[in-house]
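**Q** As annotated by Swiss-Prot, N-linked glycosylation site applies to ASN88. Swiss-Prot lists 1-56, 122-135, 180-184, 234-296, 355-360, 414-437, 483-517 with the feature topological domain 'Cytoplasmic', giving sequence analysis as the kind of evidence. Annotated topological domain 'Extracellular' per Swiss-Prot: 78-100, 206-212, 318-333, 382-392, in sequence order. Sequence annotations record features per position, and here Swiss-Prot assigns transmembrane segment to 57-77, 101-121, 136-156, 159-179, 185-205, 213-233, 297-317, 334-354, 361-381, 393-413, 438-458, 462-482.
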Amino acid sequence: MWIEIPECYEVLRNVFSKFRRHSLTAAMVKLLMRADTHVSFTVPAEEPVAKCTFSQVLAALSVSLGSMVVGFSSAYTSPALVSMKDRNITSFEVTDQSGSWVGGIMPLAGLVGGILGGPLIEYLGRKNTILATATPFIISWLLIACATHVAMVLVGRALSGFSVGVASLSLPVYLGETVQPEVRGTLGLLPTAFGNIGILLCFVAGNYMDWSELAFLGATLPVPFLILMFLIPETPRWYVSRGRDDRARKALQWLRGKKADVDPELKGIIKSHQDAERHASQSAMLDLLKKTNLKPLLISLGLMFFQQLSGINAVIFYTVQIFQDAGSTIDENLCTIIVGVVNFIATFIATLLIDRLGRKMLLYISDIAMIITLMTLGGFFYVKNNGGDVSHIGWLPLASFVIFVLGFSLGFGPIPWLMMGEILPGKIRGSAASVATAFNWSCTFVVTKTFADIIASIGTHGAFWMFGSVCVVGLVFVIMYVPETQGKSLEDIERKMCGRVRRMSSVANIKPLSFNM
């Protein structure tokens, strides 16, 4: 027996059908009304929905504390460079060039960490790889805090960036493999929320501490993360991949609760692994290039591309100028705090909505908000740079900027990382996540380093219009290619994307919710 809730869906379909005589409208309606575009609200009446356990929350919280260290590391240069440049020591002279490398070396090191992180999570395991990043984080911050030369800061930032690259890959994979489908969206966004807490903490502390004191604070953040990681298990799927089914059962029982029947889920994981093994080649890279695996990998790469080419780093870089053009008298450091607060609030909202609206709906909202605000910012700077009077709309850049950050943090900020841990097949999850993470950091470095050249070539207005145009293409990409994964187990997602339904018919009925992809 099935309970149909969204009657409005059928009403909308009937309304839109009246416009089928218009070919363009019909095409757009067909795309927007695709079954995997929206969340289905049909649930089997006889099957109770599993409840989230404290153990899952503890696991998500533990790894998310690592994300707070990542956020703190990413934001460090913004408040720290000012006090670094004020230090009157010849051996510690921070020029504009060396200062740019203090910030720029982290994404480069993150690229290396992203490449090596894939083999690490397959060889060491998801948990042990995350755990292994804590010590390098502490060492990197102590190097920076005790630095007597710029070179020590650069080494510390490089080590921190490497750890960030490894962590940004392994955190979503761990959560994707441990959290049950019904709450995977909410708990899966905890790393992003804690990452934004780390950013906000760095901005606030940077108002009262110099670069060295701020680095000492950074060295303390991995300690609670390190302690809590010892309390949680390795993922059941990694244990199964190593033939340790008994350990997988214990880990799954800990995560789902002592009274939970984990046999159906464990059998599904084992079946999925066996099926993947039958179709695996001797080379991990050859596995990536298989048609069945290439589709989810390309979708993940596409999401990473549109995340960074939305211009988020460019807009953050231009924060102070936007506030100045808005006629704001707010202190520059306070502006960065406002950015951190907006980031955190938006991500918190996303955690409440993602398991209700689904991934794609939040991506739609996010992309449309970014398109409107980027085009608006471009229009403002076009009028301003051509001698137009913008004094009466000095509030517009500030409003656009806040809405842009809100929109990004609702969807395209956290969801590409969340879906990376969901849609990549289990057999290649480590190597594919490594490729996706390295690609993301490459895009980050390119956008950050070329933004000034883009401004010089096509102007500020042209840069914002360019990023807005990329977001338009990104919206089409989401509509046409990105599947809805809300409420589905990883095995269900893999069967749908890789076309292995027939071989796994005995497991196909193990569904906590019923959805159409």
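Any Cβ shown, glycine's included, is placed from N, Cα and C.
On a predicted model such as this, the values are computed, not experimentally measured, just so you know.
Describe the structural context of these features.
**A** The predicted model assigns the topological domain 'Cytoplasmic' (122-135) a mean pLDDT of 93.
The list of residues near the topological domain 'Extracellular' (206-212) in space but at least 6 beyond its ends in sequence, with Cβ under 8 angstroms from a Cβ of it, reads 78-81, 83-84, 144-147, 333, 336-337.
Under DSSP, residues within the topological domain 'Cytoplasmic' (234-296) fall into helix, strand and coil as 45 helix, 0 strand, 18 coil.
For the topological domain 'Cytoplasmic' (355-360), the DSSP-based tally of helix, strand and coil residues reads 5 helix, 0 strand, 1 coil.
Taken residue by residue, the topological domain 'Extracellular' (382-392) breaks down under DSSP into 6 helix, 0 strand, 5 coil.
Here the topological domain 'Cytoplasmic' (414-437) has long-range neighbours at 113-119, 121-122, 165, 168-177, 184-185, 188-189, 191-192, 237, 241, 272-273, 276-277, 279-280, 284-285, 287-288, 292-293, 296-297, 299-301, 303-304, 307, 347, 350, 354, 359, 362-363, 366, 482-483, 485, 490, 493-494, 497-498, meaning same-chain residues at least 6 beyond its ends whose C-beta is under 8 angstroms from one of its own.
Sequence-distant contacts of the transmembrane segment (57-77) (same chain, at least 6 residues past either end, Cβ-Cβ under 8 Å): 99, 102-103, 106, 130, 133-134, 137, 160-161, 163-164, 167-168, 171, 174-175, 178-179, 187-188, 190-199, 201-203, 214-215, 218, 221-222, 224-225, 228-229, 231-233, 255, 340.
Only residues 6 or more beyond the boundaries of the transmembrane segment (136-156), in the same chain, are considered here, and those with a CB under 8 A from a CB of the stretch are 69, 73, 84, 91-94, 98, 101-102, 105, 162-163, 211-213, 215-216, 218-219, 221-223.
With a threshold of 8 Å between CB atoms, the same-chain residues lying at least 6 positions outside the transmembrane segment (159-179) that come near it are 56, 59-60, 63-64, 66-67, 69-70, 73-74, 105-118, 120-121, 126-127, 129-130, 132-133, 136-137, 139-141, 143-144, 187-188, 190-191, 235-238, 255, 417-418, 420-422, 429-430, 433-434, 436-438, 440-441, 490.
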**Q** Same chain, outside the transmembrane segment (334-354) by at least 6, Cβ under 8 Å from its Cβ: which residues?
**A** 75, 78-79, 185-186, 188-190, 192-193, 196-197, 199-200, 202-204, 206-207, 316, 319-320, 323, 328, 362, 402, 405-411, 413-415, 418, 486
**Q** Can you count helix, strand and coil residues in the topological domain 'Cytoplasmic' (414-437) using DSSP?
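**A** DSSP classes over the topological domain 'Cytoplasmic' (414-437) add up to 21 helix, 0 strand, 3 coil.
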**Q** Would you list the DSSP helix, strand and coil counts for the residues of the topological domain 'Cytoplasmic' (180-184)?
**A** 4 helix, 0 strand, 1 coil
**Q** Would you say the transmembrane segment (462-482) and the transmembrane segment (361-381) are in contact under the rule of three or more C-beta pairs closer than 8 Å, pairs 6 or more apart in sequence?
**A** yes
**Q** Same chain, outside the topological domain 'Cytoplasmic' (122-135) by at least 6, Cβ under 8 Å from its Cβ: which residues?
**A** 63, 66, 163, 166-167, 170-171, 173-174, 177, 222, 225-226, 229-230, 232-235, 238, 241, 430-431
**Q** Rank 101-121, 213-233, 462-482 by Cβ pairs under 8 Å to the transmembrane segment (297-317) and hand me the top one.
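**A** Checked against 101-121, 213-233, 462-482; highest Cβ contact count belongs to 462-482.
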**Q** At a C-beta cut-off of under 8 Å, are there same-chain residues at least 6 beyond the transmembrane segment (462-482) that contact it? List them, or none.
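**A** Residues 31-32, 34, 37, 299, 302-303, 306, 309-311, 314-315, 359-360, 363-364, 367-368, 370-371, 374-375, 377-378, 381, 412, 419, 451, 454-455.
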